[in-house]
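Novice: According to Swiss-Prot:
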- 334-353: compositional bias 'Low complexity' (COMPBIAS)
- Cys110-Cys187: disulfide bond (DISULFID)
- Asn2: N-linked glycosylation site (CARBOHYD)
- Asn15: N-linked glycosylation site (CARBOHYD)
- Asn200: N-linked glycosylation site (CARBOHYD)
- Lys296: N6-(retinylidene)lysine (MOD_RES)
- 37-61: transmembrane segment (TRANSMEM)
- 74-96: transmembrane segment (TRANSMEM)
- 111-133: transmembrane segment (TRANSMEM)
- 153-173: transmembrane segment (TRANSMEM)
- 203-224: transmembrane segment (TRANSMEM)
- 253-274: transmembrane segment (TRANSMEM)
- 287-308: transmembrane segment (TRANSMEM)
Amino acid sequence: MNGTEGPFFYVPMVNTSGIVRSPYEYPQYYLVNPAAYAALGAYMFLLILVGFPINFLTLYVTIEHKKLRTPLNYILLNLAVADLFMVFGGFTTTMYTSMHGYFVLGRLGCNIEGFFATLGGEIALWSLVVLAIERWVVVCKPISNFRFGENHAIMGLAFTWIMAMACAAPPLVGWSRYIPEGMQCSCGIDYYTRAEGFNNESFVIYMFICHFSIPLTIVFFCYGRLLCAVKEAAAAQQESETTQRAEREVTRMVIMMVIAFLVCWLPYAGVAWWIFTHQGSEFGPVFMTIPAFFAKSSSIYNPMIYICLNKQFRHCMITTLCCGKNPFEEEEGASTASKTEASSVSSSSVSPA
């Protein structure tokens, strides 16, 4: 039989050798050409090379500049922390195992890598949900006189960690499990088997409902209402130049948010669901590897979209990188003033700021 196997699991996968070996003990070069593992390692190195500096810079700049320490930015910092979890807990491990061609760190290492990668991804996902809810409540005002304060931010942080732990921790204690996936160099939830005693079916269904479908629905609802509010406000002000500019900025921001969310998570979720509903069917190892690494790339998309497109943060970041002096200060100041003029639909009120 073709595939890969380990303690208490067998995953059928297409290969021409007919060899079946444990991904914890032997190189999996019979599944994919060794060059593919080298390419995977190089890709993970690139994610580390980009993901660590941009997320670390986010933390450093926010701590250094007092005006960035706002309640909403607590959530943005949480997003950066989540991405760093993915970089250190997942990317470094995957790069190391890719260099060996199998999950050389064993079952314990698989549990650790799977847990931290899942935890980081879920913290990031639920942080985006909290941001979407905050933007909807503040801009669309379903609750009159609501002001997002420090207590709300702390509750939002606690919520993201609780939801992330509710997804990442159960496989460590027997409700499902972490096993090597794709090219067997990274670990994820067991979508592949119905092994007795692990209740994989119930966990996967729970995860897809509570940790994918619901967040996706919330994000689409909140940003859909956000766009409507911006259009209504622009129309009420007879579409002045500043409000039109704000509307364009917000529209571009929201479109990028939605596209990034779908690019990162929809392919992985779709392939995982297909594997879950077609257990026993053969599939190529690359079939799961490609979408899994699309999801990992969210550690780069998140800070670029949610932070680097924020003019106030960009101003502070440039000031920090240029040793306290911003060579573009005049341009940034004029842009900020323009945004302030369109206060009712300002992108500083719609985009995370």
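Each residue, glycine too, has its Cβ placed from N, Cα and C.
Worth saying up front: this structure is predicted, and the values here are computed from it rather than measured.
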Novice: Please report the Cα separation of Cys110 (disulfide bond) and Lys296 (N6-(retinylidene)lysine) in Å, rounded to an integer.
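Specialist: Pair distance, Cα basis, whole Å: 16 Å.
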Novice: So what's near the transmembrane segment (74-96) in sequence-distant terms, Cβ-Cβ under 8 Å and 6+ beyond its ends?
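Specialist: Sequence-remote neighbours of the transmembrane segment (74-96) are 40-41, 44-45, 47-48, 51-52, 55-56, 58-59, 62, 104-105, 109, 112-113, 115-117, 119-121, 123-124, 127-128, 130-131, 134, 150, 153-154, 156-157, 160, 164, 185-186, 296, 298-299, 302-303, 306-307, 352.
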Novice: For the disulfide-bonded residues Cys110, Cys187, which one has its C-beta crowded by the most other C-beta atoms within 10 angstroms?
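Specialist: Answer returned by the neighbour count: Cys187.
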Novice: State the Cα to Cα distance, in Å, between Cys187 (disulfide bond) and Lys296 (N6-(retinylidene)lysine), rounded to an integer.
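Specialist: Cα-Cα distance, Cys187 (disulfide bond) to Lys296 (N6-(retinylidene)lysine): 12 Å.
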Novice: Would the transmembrane segment (153-173) count as touching the transmembrane segment (287-308), i.e. at least 3 C-beta pairs under 8 angstroms with sequence separation of 6+?
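Specialist: Not in contact, no.
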Novice: Taking DSSP as the reference, which of helix, strand or coil describes Cys187 (disulfide bond)?
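Specialist: Its secondary structure by DSSP: strand.
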Novice: Cβ under 8 Å, sequence separation of at least 6 from the ends of the transmembrane segment (153-173): give me the contacting residues as numbers and ranges.
Specialist: 71-72, 74-75, 78, 82, 111, 114-115, 118-119, 122-123, 125-127, 129-130, 134, 189-190, 203, 207, 210-211
Novice: Round to a whole number and give the Cα-to-Cα distance in Å for the pair Lys296 (N6-(retinylidene)lysine) and Asn200 (N-linked glycosylation site).
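Specialist: With the alpha carbons as reference points, the distance is 23 Å.
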Novice: What residues in the same chain, six or more past the boundaries of the transmembrane segment (253-274), come closer than 8 Å to it by Cβ-Cβ distance?
Specialist: 125, 128, 188-189, 191, 204, 208, 212, 216, 219-220, 223, 226-227, 287-288, 290-292, 294-295, 297-298, 301-302, 305-306, 309, 347, 350-351
